[in-house]
Each structure stands twice: as structure tokens, then as C-alpha cells.
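The annotation domain 'CAAX prenyl protease 2/Lysostaphin resistance protein A-like' is assigned in TrEMBL to 133-221. Annotation comment: TrEMBL describes 12-37, 49-70, 91-114, 134-153, 165-181, 187-203, 208-229, 241-259 as transmembrane segment.
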Amino acid sequence: MEQVNMEKKGFSIIGAFGIAALIFLLQVALLIPLHIIDIIIAEIGFNEVNIYIDVIGEILINILIILLIVKMIGKKQKFNFKFKYKPSIKECLFALLLLGSHLLIFSNTIGVFIEKIEVSEWVVEAFDEVFVNPIIAFISLCVIAPVFEEIIYRGIILEQLSKRYSFTTSIIVSGLIFAFIHANIHQGVNAFFIGLILGFIYLKTNSLLLCMLWHFANNFLVFITSIYITETVNDTDLQFSIVQLIFGIILLIISYRFFNNREAECELAVSDT
């Protein structure tokens, strides 16, 4: 049975899901006035302006939600985001190795089966709408998502879970929450494993910046493939490759050992001082 710390700090598992649900409801509620503004502007005849207003609105909504959640937490305990630690180049490289291992392993295991499931029409329409303007798509996917999702799901939810539960439980629960918020099986399954990796990196390094870098790199690859890969390539099924799978596992072991050894070295340095 999961051991819970004596001091009831942080979020419970139910509380973490509750916060995620609250964030979703706040996003929906705050998007309503934004859509009303879009309709008014469209009626005036300035449709091309809407996409820029949506981006600015998305940023402001995320900032407002983060401030509200932080204020809620601050009433019960001291809370700070872990931005102070700046990752080294070596840590960034090994984090990217983890990204490579994930892409190789996922695309040659679960990804092969997920690819056979038809993508929901609303997901396709949402992506098509985002990629109408490549610059806006880049800002949304590669800037807004990595920054705000890492602040919310690692900096707030995972951080609070880790104060009450074990390393493993905290990562799994935060990964599940990260999967659920993507609201479709194709992104959700992948997001679960991404959540595990980002959770591992965050708890091993205490660096939101490193998580943001990883998230940016992953989304940048999605952006590049969505822009430059043809529909013919996208329509082809993923083919299993044992070589890629083995190489991915090797990269996973190397990067996993690096972050584990890094934590041990930090603990040793602290004990020696």
C-alpha cells in the first residue's frame, strides 16, 4: 500500500485530478468571451485578426489560471516555482537522448497499434485550424504549450503530488492527468509516456527549464513533420523495426543512468558539505 507522508502537504491524488478539472473548466469559461470577441470581429470583416487575438487570449488565460492556482496553494503553504536551477549543456543533451529513446521505442511498440486507430475528426480539424498559419502554429505548439503546460503539470501538479506521495506514484498520477487533458487516444497515450519522462526529469533535476526544453524539442518535431511531411507519408502505417527498438532501449538506459547518477552525486555533495 502506498505510504503517505505524515504531514499533509501538497495535493492528494483526488485533489490533483480536481485541480486539473478546475483548470479545464476555467479554460472553457475564459474562452467564451474570447469566442464572442472573435464573432464580433468576424462580423466587422477583420477575420484575419482573429487568429492573433486567439494567441494573445490563450497566453492571458494561461497566466490568469496559473496565478489563481498559485494563490490557492499559497493560502495553505509556501510555494515557489523551480526556475532557479539552470541545466547544463550535458543535462540538456541527455534529456534529448531521452526524447530520442521515447520516439524510437514508442513508434516501434504501442505507436504501431495506435496508428491503426482512426483519428477523430475533431482532432484533425483542430490541427488543420492551427496550421493555417505556420507562425501561429509554431508559437502555439512550441512556445505556449511547453511553457504553460510545464508550469501547470510539472511545476504545480507534480510538485504538489511529490510532497505527499512517492517518486513513482507522483510521476504516474501526473502522467495520467497529462494524458487525460489531451482528450483523445492518439495524443493521450503518447502524452502519458511523455508525462512519465518529463516527471522523471523534473523530480531528478528540480528544473522546469529542462522540462520546457524537452517539451519544446518534442513539439518542434511535431511542428516540422506536420509542415514538411507530405500527406502520402502521413497516411502510411508505422513499420516495426527491431533495430530502432533496440537502439531506443540503449538510449533509454544510458540517459536513465545519467540522471540517476546525477542525483546520487548531488546527494553526496550535500552530505560532504
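Using the three backbone atoms N, Cα and C, a Cβ is placed for every residue, glycine included.
Of the ranges 134-153, 187-203, 208-229, the one with the most Cβ pairs under 8 Å to the transmembrane segment (49-70) is 134-153. Only residues 6 or more beyond the boundaries of the transmembrane segment (91-114), in the same chain, are considered here, and those with a CB under 8 A from a CB of the stretch are 185-186, 189-190, 193-194, 197, 200-201, 205, 207, 210, 213-214, 217-218, 221, 237-242, 244-245, 247-252, 254-256, 258-259, 262. According to DSSP, the domain 'CAAX prenyl protease 2/Lysostaphin resistance protein A-like' (133-221) comprises 78 helix, 0 strand, 11 coil. Confidence in the domain 'CAAX prenyl protease 2/Lysostaphin resistance protein A-like' (133-221), given as mean pLDDT, stands at 95.
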